[in-house]
Amino acid sequence: MAGGSIGPAGVAKERAEQYQGRVTCSVIIACVIAAVGGALFGYDIGISGGVTSMDEFLKKFFHGVYEKKQLAHENNYCKYNDQGLSAFTSSLYLAGLVSSLVASPITRIYGRRTSIICGGSSFLVGAILNATSINLAMLLTGRIMLGVGIGFGNQAVPLYLSEMAPTHLRGALNMMFQLATTSGVFTANMVNYGTQKLKPWGWRLSLGLAAFPAILMTVGGICLSETPNSLIERGMRDKGRKVLEKIRGTKNVDAEFDDMVDASELANSIKHPFRNILIKRNRPQLVMAILLPAFQILTGINSILFYAPVLFQSMGFGRNASLYSSAVTGAALCASTFIAIATVDRLGRRFLLISGGIQMITCQVIVSIILGVKFGDNQKLSKVFSVLVVIVICLFVVAFGWSWGGLGWTIPSEIFPLETRSAGQSITVAVNLLLTFVIAQVFLSLLCAFKFGIFLFFAGWILVMTVFVYFFLPETKGVPIEEMIFLWRKHWFWKKIVPGNPNDDTQYEEGKGVGPNSI
């Protein structure tokens, strides 16, 4: 501990081959209910773009944008460029960033269920405020409450799924979060397509229906069992073992239980996880917690999803056509998640990320070429090229759905040791929401400035992240969540940083000790 003394070392040996158990109904039901938290995130991503393209909404809250939209001579790429309108979309993610950091100690001290319940309750309040808004201040307050809900939900749900799932199906069950997210996006797109005909209050219905997944998440959180990892970490070993036996469907859980106990002893010796996460032993996980969510956003997917109707209108699609096209892309994203669920624990995380990256780069380049050659100011794409753009964008979101969409959440949630897991997930969520906030705030300006080059901008980032995965991300398929530390010790690059002896680096608590492997 302090001063360099040796304390609990965490999981000291590999027991993966001794793990027993099967997929039980209780674990599947728990994962499905918990994953509803992803629907909150997805519904908001999908609903924002449709609402901000509705004339009645713009006239009430952003009249200047409405007037600019009516000008026939307005630059196609710049008609929606307004910082106030961007703030409507991005304010949620800034609030989510802050709340995710608050959620970390709550998730660790009071359990994953508590954060899930807090997230659902906050989102419910935000949905009610948005649906009943009479001025911009009330609208933005509602968005902030939605952000608090997303911060708590995105912090707790991936952790819950990773800890409840058996090792050999952890990827597929964790993908339930992404499936719920993509289902939320698709549902929002279909809702927008229907409510845009309900004038002048259709936008209120679109925003208010977010209360439905919020209620499901809140009630589901109350009914769920806590994860055995969290129970053991908080000193309830007997209860934790009973839950573990229930979700594994067997009494013979000694190996997995011993791993959890070893991990919990180390976790309880760490008083400040955010400091401990900086030591060299946790350096690879910290790098992944920062870069993977950043890369996920820099694919450009959120720009396409929550600005899809605006983006398609900017390309010359009519109002109804733009909403219909965004609904098609939402459906493609949702369908692609089933590919990920079926293949993630067979083909592995690396294969999906690399293959998805190659397809996304190709699609971004094709779209930029079509828009650069066939589309400009005061022009509309021909019907043939309009259909081609939608098809290529669908292929892009399909590739994202089976790769970075779910794995950008799955991998960070499964690689951290128990003592820093909540802190690590908070960093993941905070980085994701920070980049989402930045992209949401500047995308319309970037679209105005870069025009078709915006797609090349994102293609460049996808190339960078694909190369990074190839060289620096080890395969986590089939590795028990409490034994990930051994993975880094075997990797060609990270083994130079992570100490081979678990006692070398672990116990210089919060940077107080002095040793060869401190920061």
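Each residue, glycine too, has its Cβ placed from N, Cα and C.
Pulled from TrEMBL:
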{"type": "DOMAIN", "residues": "30-477", "note": "domain 'Major facilitator superfamily (MFS) profile'"}
{"type": "TRANSMEM", "residues": "23-43", "note": "transmembrane segment"}
{"type": "TRANSMEM", "residues": "85-104", "note": "transmembrane segment"}
{"type": "TRANSMEM", "residues": "116-138", "note": "transmembrane segment"}
{"type": "TRANSMEM", "residues": "203-224", "note": "transmembrane segment"}
{"type": "TRANSMEM", "residues": "286-310", "note": "transmembrane segment"}
{"type": "TRANSMEM", "residues": "322-344", "note": "transmembrane segment"}
{"type": "TRANSMEM", "residues": "351-373", "note": "transmembrane segment"}
{"type": "TRANSMEM", "residues": "385-407", "note": "transmembrane segment"}
{"type": "TRANSMEM", "residues": "427-446", "note": "transmembrane segment"}
{"type": "TRANSMEM", "residues": "452-473", "note": "transmembrane segment"}
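Distant neighbours of the transmembrane segment (322-344): 46, 49-50, 53, 171-172, 175-176, 178-179, 182-183, 185-186, 188-190, 192-193, 196, 304-305, 308-313, 352, 390, 393-395, 397-403, 405-407, 410, 477; these residues of the same chain sit at least 6 beyond its ends, with a Cβ under 8 Å from one of its Cβ atoms. Confidence over the domain 'Major facilitator superfamily (MFS) profile' (30-477), given as mean pLDDT on the 0 to 100 scale, stands at 84. The stretches the transmembrane segment (452-473) and the transmembrane segment (203-224) are not in mutual contact, being linked by fewer than three Cβ pairs under 8 Å (pairs 6 or more apart in sequence).
Sequence-distant contacts of the transmembrane segment (351-373) (same chain, six or more residues past either end, CB-CB distance under 8 Å): 299-300, 315, 340, 343-344, 381, 385, 388-389, 392-393, 395-396, 398-400, 402-404, 407, 451-456, 458-459, 462-463, 465-466, 469-470, 473. With a cut-off of 8 Å between Cβ atoms, the residues of this chain six or more beyond the transmembrane segment (203-224) that come close are 30, 33-34, 36-37, 39-40, 43-44, 47, 50-51, 54, 56-57, 113-114, 116-117, 119-121, 123-124, 126-128, 130-133, 142, 146, 149, 153, 160, 184, 188, 191-192, 195.
The transmembrane segment (23-43) makes contact with the transmembrane segment (116-138): 3 or more of their CB pairs lie within 8 A, with pairs spaced 6 or more apart in sequence.
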